[in-house]
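Notes to accompany the following structure.
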Amino acid sequence: MTAILDTIESPCDLKGVTQRELAQLAAELREKIITVCARNGGHLAPSLGVVELTLALHRVFDSPADKIIWDVGHQAYAHKLLTGRRDRFATLRTLGGISGFPKRCESSHDAFDTGHTSTSISAALGFAVARDLRGERNKVVAVIGDGSMTGGLAYEGLNNAGHLNKDLVVVLNDNEMSIAENVGALSNFLNRTVTSEFVHTMKKDLEGFLGGLDRIGHGVLKVAKRAEESLKGLFTPGMLFEAFGFEYIGPIDGHDTARLMETFEKVKRFDDAVLIHVLTKKGRGYPPAEEKPALFHGVGPFELETGKVIKGKGGAASYTGVFGEAIRKIAAEDERVIALTAAMPDGTGLTPFAADYPTRFFDVGIAEQHGVTFAAGLAAEGYRPVFAVYSSFLQRAYDQVFHDVCLQNLPVTFAIDRAGVVGSDGPTHHGLFDLAYLRHLPNMVVMAPKDENELQHLLLTAIEHDGPAAVRYPRGNGYGVSLDQTCSVLPIGKGEILREGLDGALLAIGSTVYPAREAAEALAAEGIDLAVVNARFVKPLDRDLILSLARTTGRLIIVEENVIQGGFGTAVLELLEEEGINGVKVLRLGYPDRYVEQGEQHELRAQYGLDAPGITARVRTFMKG
C-alpha cells in the first residue's frame, strides 16, 4: 500500500502532511524502494538509510528554488520518488529509464549531476556564490556521507566554504561506516544539539559584545574559545568542522523526522556556513540490508522475502575473482607485491588477499589520488605495488599517474577493473576512456586480456615490468576457459594471430576479441576471409604484426571497448601515418564521442554495434564498400 505516496507529485505536497502521516510515508517509500531494487538491483542500503532525512529536507526547504545536492547520489531514491518520478521509478537503472543518480536533465529538483564521491560541498559552494552574486536568498544544502569525507576534495570544499563563510548548509550523513561514535556524557553535553535560533544569535551577540570591549574583551573571548575548543576537541568531531569555519550542530538522530525538521527550520534562518551532523543506519527498514549493509550498498536483483542475491547463469569465474586469486598466487612467490585499493576491497577482489597478507594490503579510503602516490612511494623503495581500481575512478588520480608514477618511471601496476561498459550505473561509472587517457603517457604500458586466463598472465607481466603498467579488464564473468595453475610473463608489445585471413584483418583488444572472432567466422561463411588478432597491447603496439597485415590485406578493422577518440584505433592510424603506409582502408569500431547511457552490458554493446552480430554487420558493409 502506498496511499500517501500516491498523492505526492512534488515536495510542495509534503507541506500538509501530518507527523503521523510522515511516518507512514516513510514506510511507503521504503516499501517502494525495496520492491524496485529487488527486481532491478541498485544502491539499496544507502537509500533506505536516508528516508526520514529526505522527507525532512523536502518538508522544510523549497526545492527546486532551494538547492539540494546529493554527494555521490546513490542515496537519492526517496528524493526521486518525492519529486515527480514515482510513476517511472520501476524503470530505475534500466535502458531508457530513470537514472540511479541525480541528473539535471531528468528533473529540476536534481540540482547537480553526481555519481562520484566528495563533490557536493565544492559544487554547493559554487551554487551559494552564484546566488549571492545575483542577490538572491535561496538556501543551498549539500548532503554528504561519512564515507565521502575520506576524499580530499570534501576538505578542499570545506576549507574554501568556511573561509568565504557563505550561507551554506552541509548535512553530514554519518551512517556508522567511517566516523566513530562520540564518547561519554561530557561529549554529549558539549555537543548537544543547537537548533535554537536564540542560542545561535546569543552566541553571535556575545562575541560582538566581548569584541567591543577592546583588549580585555578580546582576551576573554580568546580564553573562552580556547577552553571550548580544547574540551570539544578531546571528544567530538565538532572542533574539526568549526576549525574550517562552520557552525557545528549535532549529532542528531537521522531517523527522527520531527527533530530533523525542527533543526532545519532553525538553520534555515542562519546566514553563515553550518554543518549538521546526523546519525543514520544503512539499510534501515529491511533486515537483510541492516545486517549486511556492505552487501546491499550496491546490490543486484535479490529475493524480496529473504534478501538472497539472485545469481546469474553459468559457472564461469568473474574477472574480478580471477584477478584476486592471481595476485594471491603471485604474492606468495614475490614478497615485494603489495595490494592497494580505494575503499573497494570487495569490489576489486582483494578481500582474500587482505586476509592472507594483512601487512601487505592497504585500503586508502575514497582517496584515489593519495592511493596512486602512496603506491609510487612504495615502488620507489623497491616494492611492486598493485593499485586495484575501477576505470572510472582512476580518472580522479590522473595527475598522480602522470607526475608521481610515469614521470619517474616507477613500477606501479594499475589493475583496472570495470573497463568498458559496466551496466546500470551509467555514464559516471562506464570505463570507456582509460585506453585513451593512459596510452599517451610516456613510460606507460597498456594491456588488456582476451579472457580470464590471459588476465592472470598479463598481471604477472605488469608486475615484473620495470616501469608503470596498466591491465584493464571488464565487469562480469569470463568465458569459462580453463585457468593455468601458474602465471607466465608474456612478451610486451606482442599480439597473437587467432585466425589467418587474406581479405582483411580484425585487430581486437580485450573484451572485444571473442566477439570479433565470432564475427569473422560468420563472415567466412559468406566468403569474406578475415584474420583475427588478439592485440593484447595498446602500448606498445605490435608494430611488425600490424604493418604486415596492413600491407598484405589492405584492410584493417580495429575493435575496442573504449571511446574511438584517442584509443586503440587511433594508435593504429598513427602507426600507419608514421610508416608512410597509404591506401589501407581502416574501420574503427568503438564508442562515439558522447557519454553512454545506462543499460545492461549486452544491451549497450548491441546498441552500439560492438557485440558479435553488430561487428558482423558493420564489417560486412565495410568489406563490400
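Using N, Cα and C of the backbone, Cβ positions are placed for all residues, glycine too.
Per Swiss-Prot, thiamine diphosphate binding site is recorded for His74, Gly115, His116, Thr117, Gly147, Ser148, Asn175, Tyr286, Glu368, and the stated evidence type is sequence analysis. Cβ environment of His116 (thiamine diphosphate binding site): Val72, Ser392, Phe393, Arg396, Thr428 lie under 8 Å away, each six or more residues apart in the same chain.
Per Swiss-Prot, Mg(2+) binding site is recorded for Asp146, Asn175. For Asp146 (Mg(2+) binding site), other Cβ atoms within 10 Å of its Cβ number 19.
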Cβ contacts of His74 (thiamine diphosphate binding site) (under 8 Å, same chain, 6 or more positions away): Gly42, His43, Pro46, Ser47, Gly100, Phe101, His297, Gly298
Max pairwise CA distance, angstrom, over record-listed thiamine diphosphate binders His74, Gly115, His116, Thr117, Gly147, Ser148, Asn175, Tyr286, Glu368: 32
C-beta crowding around Asn175 (thiamine diphosphate binding site), within 10 angstroms: 23
Three-state secondary structure, which DSSP defines for Glu368 (thiamine diphosphate binding site): helix
